[in-house]
Amino acid sequence: MNTIFKQKNTHPFSNAANRLDRLPISRVHFQVLTALGIVYFFDLADLFTLSNVAPALIEHWGIPLSTIANVTAASFLGMFLGASLGGRLSDRIGRKKALNLFVFVFSIASLCNAAAWDIPSLMTFRFLTGFGVAAAMVITNSYLAEFFPSSVRGKYISFCAMIGLIGVPITNIVSAFVIPLGSWGWRLVFVWGAVGLIYFFFIHRLEESPRWHENRGEYAKADAILTRIEEQVEKEKGPLPAASQPKVSETVKQNAGYAGLLKGRNLKITIVLSAVWIFETFGFYGFASWVPSLLKSNGVTMENTLWYNVLHSVGAPLGALLGSMISERFQRKWILAASAFLTAIAGLLYGMTFIPIMIIVFGFIVNITERVFTSNLYAYTSEPYPTEYRSSGSGLAYGLGRFSNIFGSLLVGFIAVQLGYISVFLFIGGCWLACSLLLIFFGPNTNAKQI
C-alpha cells in the first residue's frame, strides 16, 4: 500500500493528511486515546495537587497565603518554560520521544514533592513538575491534532480531555481521605501524582506522528507508519477508500522557528491565542488553585473545604463530556465564547455566598462550563497553525498563559489579602468575560479544516 507521491517540484510526498483523514475511527485510534488519556489523567491531576495540599501546608507549616502564592508562581514559571521549550523540542526530535521524556520528568518531580522539607525545596520541585506537565500537555494535543481525522478532531481531543478530567475529582477524593490522616498526609497526594509512570506500559501503542516525519522530508518513514496503521484499520473495518491526491503546493519546511510565529497569518493567531490563554489561566487557576485556601481563610474547616472541592470537581468530566459532544456541532470559537461567558457568571455568583449548598451548586456549574471551554480550547489551539509551527505555536500560546500566572498567583494573593474575598471572584469573572469577547471578535473558525 505504499503511496509515496511525486509533486511538481519533484519532491516525493507521503500524503499523510489525506491518508489519515479517510480512516474510520478504529481500534488504532482508541489505543492512542488510551495511552494519551493516561497522560492527560495524571497531567491534569498533578495540576490540582498543590491547591488541595495548600490548606494543610498553611495549617501544619504555619505559612501565610502569600507563601502559597510564591509556590504557585514557581509552578507556573516551570509551566511557561515547559510549554515553550517542550513544544519546540517535539518539533525537532518528534512527538513520541519528547512526550516520553516529559511524562518521566513530571512523574518523578511529583514524587520529589512528597519529600519536600521546606518552602524552597517545595518551590524547586513544583517548578520541575510544572515544566514536565506543561510540556507533556502541549505535545499530547499536537499528536492528537495530527493523528485524528479533521472531521472528528475536536471531538476526540475533547474526549481525551474528558478522560484526563476524571482525574480531577479522583485526585480530590484521594486528597480528602489522605490529608486528614496526619501532618504527613499531604505528602501522599504528591505520591499519587507520580502514578503517571504507568504510561510507559502503553507507549508501544504509539507510533511517531507520520505528519511530523513528512514535514521533515522523511517520506519513507512516514509512509511505513501510515501503511502499518492502514493495515490494522483494514483488518478491523475492511477495505479503505482511496485517499485524495496531495496538494501540489505542499512543501517541506523543516527549520521553522519562533520568528515565523510573528509573521503573516501566524502573528494574528499567536496574539489571539496567547491572550485567550492568559485570561483563561487567570480565571481557571484563580478559581481552582485558590478556592480551597480562600474558603479555609474565611472560616470553613479544612475537611469541609476538601469535600466541597470534591463535589465541585464532579462537574469537570461532565463538562468535558459535554464539550466533546458539541465540539463538531458548532464552531469551536462560539462554544468557547459562550462557555467563557457562563463561567464568568457562575464564578461571580460563587463569590457572593457562603451558604454551603450554594457553594456546591455554583462550584459545580463553574467546573462544567469551564471544562466545556478548556476541552475545546486544547483542540482549538492546535488547529490554526501549519504542521511545522503546531507544537511551537500552541506551546508558546499555552506557555505565555502559564507564565502570566506567575504574576496572576501573586495578584490573586494580593487581592485576597488587601481587597477581600469577593474581589477575587470579580477579578476571575472579568478574566472569563475578556476570553469571551476576544473569541467573539477575533477568534478564527477552525472546525473540519485539514491541518
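Don't overthink the numbers, they just go from 1 along the chain as shown.
Glycine is treated like the rest: Cβ placed from N, Cα and C.
Per Swiss-Prot, topological domain 'Cytoplasmic' is recorded for 1-29 (among others), and the stated evidence type is sequence analysis.
As annotated by Swiss-Prot, transmembrane segment applies to 30-50 (among others).
If you look at the topological domain 'Extracellular' (51-60), the same-chain residues 6 or more away from its ends with a CB under 8 A from one of its CBs are 68, 171-172, 175, 179, 183, 185-186, 189-190, 288-293, 296-297, 302, 305-306, 309. What Swiss-Prot lists as topological domain 'Extracellular' is 51-60 (among others).
Summarising the annotation, Swiss-Prot assigns transmembrane segment to 61-81 (among others).
The topological domain 'Cytoplasmic' annotation in Swiss-Prot covers 82-97 (among others). Sequence-distant neighbours of the topological domain 'Cytoplasmic' (82-97) (same chain, 6+ residues past either end, Cβ-Cβ under 8 Å): 130-139, 142-143, 146, 203, 206-209, 212, 256, 258, 388-396, 398-400, 402.
The transmembrane segment annotation in Swiss-Prot covers 98-118 (among others) and rests on sequence analysis.
The topological domain 'Extracellular' annotation in Swiss-Prot covers 119-124 (among others). In terms of DSSP helix, strand and coil, the topological domain 'Extracellular' (119-124) has 6 helix, 0 strand, 0 coil.
Tertiary neighbourhood of the transmembrane segment (125-145): same-chain residues 32, 36, 39-40, 43, 46-47, 50, 71-72, 74-83, 85-87, 89-90, 95-96, 98-99, 102-107, 109-110, 112-113, 115-116, 153, 156-157, 160, 193, 206, 209, 378-379, 381-383, 390-391, 394-395, 398-399, 402, 451, selected by CB-CB distance under 8 Å and a gap of 6+ residues from either end. Residues or ranges marked as transmembrane segment by Swiss-Prot: 125-145 (among others).
Annotation comment: Swiss-Prot describes 146-157 (among others) as topological domain 'Cytoplasmic'. The topological domain 'Cytoplasmic' (146-157) scores a mean pLDDT of 82 in the predicted structure.
Taken from Swiss-Prot, the feature transmembrane segment covers 158-178 (among others), and the record attributes it to sequence analysis.
According to Swiss-Prot, the topological domain 'Extracellular' annotation covers 179-182 (among others), on the basis of sequence analysis. Under 8 Å from some Cβ of the topological domain 'Extracellular' (179-182) lie the Cβ atoms of residues 52-53, 56, 188-189, 302-303, 306, all in the same chain and six or more residues away from its ends.
Positions annotated as transmembrane segment by Swiss-Prot, on the basis of sequence analysis: 183-203 (among others). Below 8 angstroms of C-beta separation, residues 34-35, 38-39, 41-43, 45-46, 49, 52-53, 56-57, 60, 96, 100, 103-104, 106-108, 110-111, 113-115, 129, 171, 174-175 of the same chain, each at least six residues beyond the ends of the transmembrane segment (183-203), sit close to that stretch.
Summarising the annotation, Swiss-Prot assigns topological domain 'Cytoplasmic' to 204-270 (among others) and lists sequence analysis as the type of evidence.
What Swiss-Prot records for 271-291 (among others) is transmembrane segment.
Swiss-Prot lists 292-305 (among others) with the feature topological domain 'Extracellular', giving sequence analysis as the kind of evidence.
Remote same-chain residues near the transmembrane segment (306-326) are listed as 48, 51-52, 55, 155-156, 158-159, 161-162, 164-166, 168-169, 172-173, 175-176, 179-180, 291-292, 295, 300, 335, 339, 356, 359-360, 363-376 (criterion: CB distance under 8 Å, separation of at least six residues from the stretch ends). Here Swiss-Prot flags 306-326 (among others) as transmembrane segment, drawing on sequence analysis.
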>> Could you give me three numbers for the topological domain 'Cytoplasmic' (379-396), the DSSP helix, strand and coil residue counts?
In response: 14 helix, 0 strand, 4 coil
> For the transmembrane segment (98-118), what are the same-chain contacts with Cβ under 8 Å, counting residues 6+ beyond its ends?
Replying inline: 39, 42-43, 46, 49, 82, 86, 89-90, 125-126, 128-129, 131-133, 135-136, 139-140, 143, 187-191, 193-197, 199-200, 203, 206
> Of the stretches 30-50, 271-291, 358-378, which racks up the most C-beta pairs under 8 Å with the transmembrane segment (397-417)?
Replying inline: 271-291
>> Let me spell it out: take the transmembrane segment (158-178), skip the flanking residues so only those 6+ beyond its ends count, and list any with a Cβ under 8 Å from a Cβ in it.
In response: 33, 36-37, 39-45, 48-49, 52-53, 140, 144, 185-186, 188-189, 192-193, 303, 306-307, 309-310, 313-314, 316-317, 319-321, 323-324, 327, 371, 374-376, 378-379
> So which of 30-50, 271-291, 422-442 has the most C-beta pairs under 8 Å when paired with the transmembrane segment (334-354)?
Replying inline: 422-442
> For the topological domain 'Cytoplasmic' (327-333), what does DSSP give as the number of helix, strand and coil residues?
Replying inline: 2 helix, 0 strand, 5 coil
> Among the recorded stretches 30-50, 61-81, 271-291, 422-442, which has the greatest number of Cβ pairs closer than 8 Å to the transmembrane segment (358-378)?
Replying inline: 271-291
